[in-house]
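Annotation comment: Swiss-Prot describes D61 as active site, evidence class similarity to another entry. Look at Swiss-Prot and you will find D157 tagged as Ca(2+) 1 binding site. The feature Ca(2+) 3 binding site is assigned by Swiss-Prot to D157, E217. Per Swiss-Prot, Ca(2+) 2 binding site is recorded for D157, E217, G269, and the stated evidence type is similarity to another entry. Residues or ranges marked as Ca(2+) 4 binding site by Swiss-Prot on the basis of similarity to another entry: E217, G269. Residues or ranges marked as Ca(2+) 5 binding site in Swiss-Prot (evidence: similarity to another entry): E245. The compositional bias 'Low complexity' feature in Swiss-Prot is assigned to 9-24. Taken from Swiss-Prot, the feature disulfide bond covers C55-C314. Marked as region 'Disordered' by Swiss-Prot: 1-32.
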Amino acid sequence: MTPRRQQRPKGQLAKAKQAKQPLARSRRPRRRRRAAITQNNLMMLSEPGLSFLKCAFASPDSNTDPGKGIPDNFEGKVLSQKNVYTETGVNFSGATTQNVDTYIIVLPTPGVAFWRCIKTATAPAQPAALTTTDVFTAVPFPDFTSLFGTTATNRADQVAAFRYASMNFGLYPTCNSTQYNGGISVWKGAVQMSTTQYPLDTTPESSQLVHAITGLESALKVGDENYSESFIDGVFTQSINGNAEFPFYPILEGVQTLPGQNVTVAQAGMPFSLDAGAATVAGFTGIGGMDAIFIKVTAAAGSVNTATIKTWACIEYRPNTNTALYKYAHDSPAEDIIALQQYRKVYKSLPVAVRAKLNANMWERVKRLLKAGLVAASYVPGPVGGIATGVQHIGDLIAELSF
């Protein structure tokens, strides 16, 4: 016989229910306290912080506002800019009998949109790999001379230092989908400036200060972490600051080529050279703390590969006090820890590159990452969790500032 389950007497059951009620009530004040977190605490993700994120990640198709600057612990006058370069009808194809490889490097060089080198070979041969004899030429932003002048020795007359928030590059095909033939590969790599005192074989003996860029060897081979697609898919990619801080870097003067005169590419330890061209058009103004973006576009003989190139950079300068630009400078925004944390989160979350058509939704993707990050932060104990709790208000703030 199956034993009967013992049942609690009705009186005891009622007492048990009554005993649970105070526990349920005790949770309510905590919920009320969470809901009552003031808007001031939530504003730790500030409007300048959101403007900084928008400048760094949003396409200038919608907004070219450079924001208020980078909201870190720097205190001083800054000049924020969002430089934009657009080139339409770019032909990546060669003659009907030529295979063409176009190399583009987006470097953190103020005033320069990107550096380009084109290599060709008569079909069926493929273009040779990059060597020390190859030269990358500068493609400047339209306002280069207004900020850096027309002589190499006066580059720092207006601004003394700079730092980047982001660099962005987009290639948008405009050719017929039945006529193209080729592909696009994108990868990234660390680059840095090196400066050495190089001895010269002269009488009497002398030396020369030589600038060079280390890390350009990454351009010689497609990196393991890469984006590779058909040319017709295009590409959008960006680089942001992965360093712990946002240091300023000096504007260089008197540099038009890397390496400089009297020093060979091999002696400087570079895989190829950079040439900014005429000083009245462009120049080499320095290297910031961002990873370089390497792009290789291939086109087969007889193909019709045309596209629009659009690149932009969110950058901050320290203007000289004796210039007219100084009156347009503003105080660097107060530190916004939440905005900087979300900037790092986006840095870790975004892929090397995406298809060009996905660029239109870039800011929407960033907003989703922001909301997800703030939701996760609301479960963190301490001040960060307290600030992030009530994420619905942050979402409303983001929505108000969205495009």
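Glycine too: its Cβ is placed from the backbone N, Cα and C atoms.
The shown structure was predicted, so the numbers you read here are calculated from the model rather than taken from an experiment.
Cβ contacts within 10 Å of C314 (disulfide bond), excluding its own Cβ and spanning all protein chains shown: 27. When Cβ atoms from all protein chains are considered, those within 10 Å of D61 (active site) total 15, not counting its own.
Of D61, D157, E217, G269, all annotated as recorded positions, the residue with the shortest Cα distance to C314 (disulfide bond) is D61. Annotated pair D157 (Ca(2+) 1 binding site) and E217 (Ca(2+) 3 binding site), C-alpha to C-alpha distance, rounded: 33 Å. Ranked by CA distance from E217 (Ca(2+) 3 binding site), the recorded positions C55, E245, G269 have G269 at the top as the closest. A sphere of 10 angstroms centred on the C-beta of E217 (Ca(2+) 3 binding site) encloses 14 other C-beta atoms. Note on G269 (Ca(2+) 2 binding site): other Cβ atoms within 10 Å of its Cβ, all shown chains, come to 15.
Sequence-distant neighbours of C55 (disulfide bond): residues of the same chain at least 6 apart with a C-beta under 8 Å from its C-beta are D65, P66, G67, S80, K82, A165, S166, C314. There are 12 other CB atoms within 10 A of the CB of E245 (Ca(2+) 5 binding site), with all protein chains counted.
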